[in-house]
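Enquirer: Please see the structure below; I have some questions.
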Amino acid sequence: MQLDNRLDKRLDNRMQRALDIARTTPDGDIPVGAVVYGPGGEELGVGTNRRQASCDPTAHAEVEAIRAAASALGTWRLDGCELVVTLEPCTMCAGAILGARIESLVFGAYEPKTGAVGSVLDALRDPHHLHTVEVRGGIRERECAELLHNFFRPRRTMGRNNYFNEKETIMGLADKAESLKGDAKEALGDATDNNELKNEGKADQLSGDIKDKLDQAGDAIKDKANEVAGKIQDARENN
Ligand SMILES: [Zn+2]
């Protein structure tokens, strides 16, 4: 996990550049930055995640940077090149790295859910591949991970606050229904005691009205509860 104890200035500087690129990720996209360096250390291409911005499921930072580098070199082969990215690549990006014949990969934060370079699977160091990639992970890991946490934290908090606001609304409606029920009971008692109302059939009408109101309140609570359940489900699927 840890690089040799000595500080590798080169990797450090390159990851700093990838972090700077990650900070230019379009609003709404998960911040990830990637840079491809040529064999002589020259910067060939950069990319950020822009899946949302481009409406493109393949628009990961690595793919964007590889495309830019290949275009700059005028060839699909990126022999001797190094890809530096702030997050452990996914399966698709690992495939692109192999396809481009990238020589070495440096990444920052580990991705326990989708990482294909050691976390979930190890797509690059499979001995069956014709091409193998030198891998170094966990470079400036804390800063790379922090960038992602800062992106997700307000969203999670927002989701939680929404949930609590909705919960308060539901509790308010439940209180209202409870008090309506009390009113209804009282009104029914009064109506039954009141012969005049009874005679004119007003008691029945009154109890009917009250029942309708209670039904409405019940439906409103049910609708709201379903809406909140849906929102919670959406939030789970999006995380
Ligand atoms: Zn990817």
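Any Cβ shown, glycine's included, is placed from N, Cα and C.
Keep in mind that what you see is a predicted model, and the values were worked out from it rather than measured.
Feature list, courtesy of TrEMBL:
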ACT_SITE  Glu62  active site, proton donor
BINDING   His60, Cys90, Cys93  Zn(2+) binding site
COMPBIAS  195-211  compositional bias 'Basic and acidic residues'
DOMAIN    9-155  domain 'CMP/dCMP-type deaminase'
REGION    183-211  region 'Disordered'
Enquirer: Check the domain 'CMP/dCMP-type deaminase' (9-155) for me and report the mean pLDDT.
Expert: 95
Enquirer: So how many other Cβ atoms are close to His60 (Zn(2+) binding site), meaning within 10 Å of its Cβ?
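Expert: That number is 25.
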Enquirer: What does DSSP say about Glu62 (active site, proton donor): helix, strand or coil?
Expert: helix
Enquirer: What are the DSSP helix, strand and coil residue counts for the domain 'CMP/dCMP-type deaminase' (9-155)?
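Expert: Going by DSSP assignments, the domain 'CMP/dCMP-type deaminase' (9-155) contains 55 helix, 28 strand, 64 coil.
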Enquirer: Show, in sequence order, which residues other than His60, Cys90, Cys93 on the same chain lie with their Cβ within 8 Å of the centre of the Cβ atoms of the Zn(2+) site.
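Expert: So the extra residues in range turn out to be Ala61, Glu62, Val63, Pro89, Thr91, Met92, Ala94, Ala96, Ala116.
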Enquirer: Fewest neighbouring Cβ atoms within 10 Å: which of the binding-site residues Cys90, Cys93?
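Expert: Fewest other Cβ atoms within 10 Å, among the binding-site residues Cys90, Cys93, is found for Cys90.
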Enquirer: Using a Cβ cut-off under 8 Å and a sequence separation of 6 or more, which residues in the same chain sit near Glu62 (active site, proton donor)?
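Expert: Result: Ala34, Gly47, Leu83, Val85, Pro89, Cys93, Ala96, Ile97.
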